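Going by Swiss-Prot, these are the annotated features:
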- 62-67, 87-88, 111-114, 510-512: FAD binding site (BINDING)
- 252-266: compositional bias 'Basic and acidic residues' (COMPBIAS)
- 248-272: region 'Disordered' (REGION)
- 1-36: transit peptide (TRANSIT)
């Protein structure tokens, strides 16, 4: 049960729409200096790199983490160096946004906060020259869920199950029996996350563990999220093994029969189940890849059209700071959000465009605040310190905030001595009204929630460091998601648009790590296509 819950709660969002500027408003919270607010899309254009390219083996549309990693994977794993990455905005990295007040000792994230240090992500980091900049969280740091007014630790391993108080004894027994297969059989249709978890593990696991994890990972509604699409690894356990435990045993047996190849000796070995970042924040990764790719990355290049060329490949037309530029490409991979890809692809295939337009991205706001250490409630301290990854809030518990990450506890050098840094997420599928709130209203909502369980009600007002609203933040893997994605790919194939690939988080998954893994998968597909068709 603990393993299943953990597997469903490990993702971190990785791409989003450009943020929305929040109008300045009078705030009741005390502030020092400049508050970093959201920046509207269409930042000042950067000049194109000298020596504009007019052709490429592969054009990567989108300079977020998926696109940049695809380009680097093509070069490092497949020897495909004739690649062009085009980004409409003036900076690379998508919604990876690290902010800093260097003089005051604050460093924080306004998009994704961390990643699971899987081997593909570590490989990308090492290949980008960032091995020595990796930082890892404490694998023993607790995670908390708010329940009945109290922050309760979440079990991190099966041995913790008898001792944690988030669930009742009957709830634990129900979960254990369900995991063993004593539960109703699958219904023969695509299940929502809620239906799957309630059927397999019971109401308590869903309401007290999985529902808040869905809010924290997807900012989504678990009654609408597809179990198969959103948490496929756990779904496959039952599908292949007859039950969650049966599938786990079968997976272990299969691994024994098919051992992994030797691990790359260059990669560091994280201790336990943890998360990671970089010394100066997540933005170090896209910046490092961009630096290595050099003039192959074009910023402020807005794609206006794409057409199939008569001599194979594709012709792409861009508006750039230096005028209109046409690019001829043997292959194209679109790593932009699905709703942007839909508009661009509509002249090629209305069926593909229609399928891509279905995917939903709810709004999410990231609100970063700091309190003095003494503002933390004593009962929330461990050995006199705020320790842990953070906390999640079930929608049933009467708070608006989805969850809070203890940024200053998770990684070093994120806040000055004597201060705690908290990154709070608010909004999502069940609270879309945040886009109409002012900056001060969002801060007040976060501060009000924190004073219910973590912050002393009489503590001083927080120092507000950043408020960033992502109007279209995280793609929702709803029931039917995989069918819609397959429909889009099939429509492109039937239309004769071979060599045109779809990528990004709505394809690979919302976690930053899945975006990197998906980039390696896309690079392999592109390389195979070039070898079989385009190079002949």
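From the backbone N, Cα and C atoms, a Cβ is placed for every residue, glycine too.
Annotated features taken from Swiss-Prot, shown on the structure.
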{"residue": "62", "record": "FAD binding site", "DSSP class": "coil"}
{"residue": "87", "record": "FAD binding site", "DSSP class": "strand"}
{"residue": "111", "record": "FAD binding site", "DSSP class": "coil"}
{"residue": "510", "record": "FAD binding site", "DSSP class": "coil"}
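In sequence order, 62, 63, 64, 67, 297, 298, 299, 300, 301 make up the list of same-chain residues 6 or more apart from residue 87 (FAD binding site) whose Cβ falls under 8 Å from its Cβ. Fewest other C-beta atoms within 10 angstroms, among the binding-site residues 510, 512, are seen around 510. Helix, strand and coil counts from DSSP across the region 'Disordered' (248-272) read 10 helix, 0 strand, 15 coil. Ranked by Cβ neighbours within 10 A across all protein chains shown, the binding-site residues 66, 113 are led by 66. Note on residue 64 (FAD binding site): other Cβ atoms within 10 Å of its Cβ, all shown chains, come to 27.
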